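Annotated features in TrEMBL:
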DOMAIN    202-482  domain 'Aminoacyl-transfer RNA synthetases class-II family profile'
BINDING   T302, R333, E355, N455  L-serine binding site
BINDING   R333, A334, E335, V348, H349, H350, F351, E422, V423, S424, S425  ATP binding site
SITE      T457  site 'Important for serine binding'
Amino acid sequence: MATCIGMVAKVGVFAAAVLKPVARQCPGHRVNVFVPHRLSHGVRSRLYEHVREGYSDKPELDMRAVCEETDKVIANVESRKGDLRGDDVRKIVCVWQELQAVKTEISELEEEKRRISDIVRGLVTKEDKKALANLPEYNQALQKGREIRNRLNHLYHKETELDEEHYGRALRLPNTTHPAVPVGDESQARMVELVGQKPEFDFKPKGHVELGEELGLIRQRHLAHVSGHRSYYLRGAGARLQAALQNFALDTLQRRGFIPMVVPDMLKGAVFEGCGMQPNAQSSQVYSLDPARFPDLNLAGTGEVGVAGYFMDHAVNWKDLPVRTVCSSTCYRAETDTGRETWGLYRVHHFNKVEMFGVTADETGEESSQLLQEFVSLQKEMFSALELHYRVLDMPTEELGPPAHRKYDIEAWMPGRNSYGEVSSASNCTDYQSRRLNILYEREDGSLQYAHTVNATACAIPRTVIAILETHQTKEGTIRVPRALQPYLSLEVIEKPKYTPLKYIGPNQRYPPARPAPKIR
């Protein structure tokens, strides 16, 4: 367990020799209290700035567990992907303990200050004003009061610096991990269930891009100058397929009691950070708007952020728990790892997604685990209705991300890629997000308790489109529409459209077409 010794002066003695800076002793470090600029840790917290500006209360992090079970926390941190390591955890403990030592000294000094003020008031009431100047007891009290005020001024400044450093570091800690989660990278994922059969073809199956282009559903070519890399158009039955999938997922979930919601696409960095994401990290997948024009506005990569922001700083009545919410939104992801899946709809910069989000109680400790299982069952129901072959995976520690206590992925078989591809995930975030975003529930007796949050993908449109096109393709090049989608599409088969495809007439062609002749008026 990490050690950190706070050298706190006793309040009973206020001689100048005793009023020394509080110091802390960490492995390889010795830092005095009165540091002029104390942001050397280099971690900026949007959530802390949000709190400091008065928008929210401070996040209530469980530092007792971090301090008392430091070795366990270090093992958890080091089993996950990220740059946080054991020394970072020890530093977090060290800063926290020093902050508590400073708070304790401030509390004791403030109490002593009140006691001295009472003494001074009593002397002023009893003694003549002229006699007070020569009264040793009065002068000693004034001197002691000045010493306390000077010390407190230093400590208040120190408390602010330590508080900011504490949150800048501690907010980066990941959630706890369920004991059954496999340890390691994605190769250690444990298959929970295999559903359906791989489709069999008496022809070589095509990929979704080839199918989509032939049927006039998808366009990705000649878009670099229009919308940039990893963008796409859906047209005709492709656009209708997106709408059908969204409505199918929304209808399915609303029948199960989910409340529909429309959420903002642009949100403050504090909401992202409260959800366990770092919009300002170097390798962030989050698009940030021009800070000169729109300070601290970011495009959401998932509807989860928008829904979490809705519940931020609010309490749910216990009678309404669990609250099940569904939203359909456009998601934006930078996809900075440009070497992966550079073509097709699998990894794109923008897409539509239907998201499930749940807020539940924490009375037995099992409520959020049960809701996670419910969400996974709904995902399975929808993918089975789309007649897809898929597998459910219990994801290992390196794939959890900071907020998840446990996460399940569903991967659908994509014949054109000849592999499984992730189409959804479901995460139990326990109280990780609620402690950061102040999401609570109100018990019957009026007391407040931190809620648990659960999120899950209902339908990520592009990847589901991939699985449907590649699974249900026919030898004739058409697409058989799954029975569950037929009422939404009013089609049983997607065929080639009757209109003629657009002809590219732009530059960089071997034989460019002649330009129109000048118009003669």
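For all residues, glycine too, the Cβ spot is worked out from N, Cα and C.
TrEMBL entries are annotated by machine, without manual review.
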Out of T302, R333, E355, N455, T457, point to the one nearest H349 (ATP binding site) in space (Cα versus Cα); all of them are recorded positions in the record.
R333
In whole Å, could you give the widest CA to CA gap in the L-serine site formed by T302, R333, E355, N455?
18
Around N455 (L-serine binding site), which of the listed binding-site residues (E335, V423, S425) come within 10 Å, judging by Cα atoms?
S425
What are the non-local neighbours of E335 (ATP binding site), defined as same-chain residues 6+ apart in sequence with CB under 8 A from its CB?
R230, Q285, R347, V348, H349
Using Cβ-Cβ distances, find the residues under 8 Å from R333 (L-serine binding site) that belong to the same chain and are at least 6 apart in sequence, listing them in sequence order.
Q285, V286, Y287, G301, V348, H349, H350
Is any of the binding-site residues T302, F351, E355, V423 within 10 Å of T457 (site 'Important for serine binding') (Cα-Cα), and if so, which, in sequence order?
T302, E355, V423
Could you list the residues of the same chain, at least six apart in sequence, whose Cβ is under 8 A from the Cβ of T302 (L-serine binding site)?
S329, C331, K353, E355, N455
Largest tally of Cβ atoms lying within 10 Å of a Cβ, found at which of the binding-site residues S425, N455
N455
Consider each pair of residues in R333, A334, E335, V348, H349, H350, F351, E422, V423, S424, S425, all listed by the record as binding ATP, and report the largest Cα separation in Å as a whole number.
19
An 8 Å radius from the center of the T302, R333, E355, N455 Cβ atoms defines the neighbourhood of the L-serine site; name the other residues of that chain inside it, in order.
A300, G301, G303, E304, V305, C331, K353, T457
Under 8 Å by Cβ from F351 (ATP binding site), counting only residues of that chain that are 6 or more apart:
T330, C331, L345, A460, I461, P462
I need the least crowded one of these recorded positions (H349, E355, V423, T457), counting other C-beta atoms within 10 angstroms of each C-beta.
H349
